[in-house]
Amino acid sequence: MKMSFGLTFKSAKGRWIANPSWQCSKASIGLFVPASPPLDPEKVKELQRFITLSKRLLVMTGAGISTESGIPDYRSEKVGLYARTDRRPIQHGDFVRSAPIRQRYWARNFVGWPQFSSHQPNPAHWALSTWEKLGKLYWLVTQNVDALHTKAGSRRLTELHGCMHRVLCLDCGEQTPRGVLQERFQVLNPTWSAEAYGLAPDGDVFLSEEQVQSFQVPSCVQCGGHLKPDVVFFGDTVNPDKVDFVHKRVKEADSLLVVGSSLQVYSSYRFILTAQEKKLPIAILNIGPTRSDDLACLKLNSRCGELLPLIDPR
């Protein structure tokens, strides 16, 4: 399946504009959600019972919760990045070692940022935020880097893989908001323009090598070092202190609910193993199989945004 979005980004009279066709519609949002069976009322009742019995619920979310907000994922059947293209996500080592790769990444991210940063929480994000406010959700761990849980008001939250809305200097560690970097890009590239086809999961788009070559990338304002999104790229590892923190939250919980994750990445799967060791009941809401289906007492193949709002957390 090939999806062409015809996104354009160019400078006009000193200001940057995006092609109006770039805006998300309900139809385009549905492009990234895999097919799922109709809701099973009995399964809904089983999840309701699981949540009702939980007193210190830990929820772990993955990319599947954000596809309903219009953000593609990597692994979903027929609609994920791996199914749609032969492209693969950037590797941490390549980004750190290669100036041309950093240039290509930031050019693509610059074009993709206005749309990526405009995505909004869907009913699943809002439901989990409500569960927290009512005291049902003890802790939320997300593998996502899109800040949608924060936008929905979640506060008892660990962003396991970081957040695209922050930028980190690889040399001095200085953090800056991603929006500030967007302004610096605009100043450095006043006449640069690009047309992109296809969206990637983590805030960038697909550009040709010719378009990338003239793109200028700023350095850290504090030390002149290389800038990187404050996220864990493929091939990198999660900060050990953050891993220890999440392990402690899992051990303090009395149940674990997985929402929208296939758990293929070990950085999240290890917490399922900890929950199993503690003999916590595990429920999984994800369209398609996961790495931990055999460890779950309940598995649901439904859209997160359709099912979670049906659950009464009180």
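Note: Cβ is positioned from N, Cα and C throughout, glycine not excepted.
According to TrEMBL, the protein carries these features:
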ACT_SITE  His161  active site, proton acceptor
BINDING   62-82, 143-146, 260-262, 286-288, Cys304  NAD(+) binding site
BINDING   Cys169, Cys172, Cys220, Cys223  Zn(2+) binding site
DOMAIN    37-314  domain 'Deacetylase sirtuin-type'
Here are some binding-site residues: Ser66, Asn286. Which one has the most Cβ atoms within 10 Å of its Cβ?
-> Ser66
Other Cβ atoms within 10 Å is the metric here; tell me which of the binding-site residues Cys169, Cys172, Cys223 scores highest.
-> Cys169
Within 8 Å of the Cβ centre of Cys169, Cys172, Cys220, Cys223, which other residues of the chain have their Cβ, at the recorded Zn(2+) site?
-> Leu170, Asp171, Gly173, Glu174, Ser219, Val221, Gln222, Gly224, Gly225
Taking only the Cα atoms, work out how far Cys172 (Zn(2+) binding site) lies from Gly62 (NAD(+) binding site), in Å, as a whole number.
-> 30
For His161 (active site, proton acceptor), the closest of the binding-site residues by C-alpha position, picking from Ser66, Gly70, Asp146, Cys223, Asn286, is Asp146
Rounded Cα distance, in Å, between Gly62 (NAD(+) binding site) and Cys220 (Zn(2+) binding site) is 31
Specify the nearest of the binding-site residues Cys169, Cys220, Cys223 to Asn286 (NAD(+) binding site), where nearness means the distance between Cα atoms.
-> Cys169
Of the binding-site residues Ser66, Gly70, Asp146, the one whose Cα sits nearest to the Cα of Cys223 (Zn(2+) binding site) is Asp146
Around Cys220 (Zn(2+) binding site), how many other CB atoms lie within 10 A of its CB?
-> 18
Would you mind checking how many other C-beta atoms are within 10 angstroms of the C-beta on the residue listed as 'active site, proton acceptor'?
-> 20
Hey, how far is Cys220 (Zn(2+) binding site) from Asp146 (NAD(+) binding site), Cα to Cα, in Å?
-> 23
Cα of Gly70 (NAD(+) binding site) to Cα of Cys169 (Zn(2+) binding site), in Å and rounded, measures 29
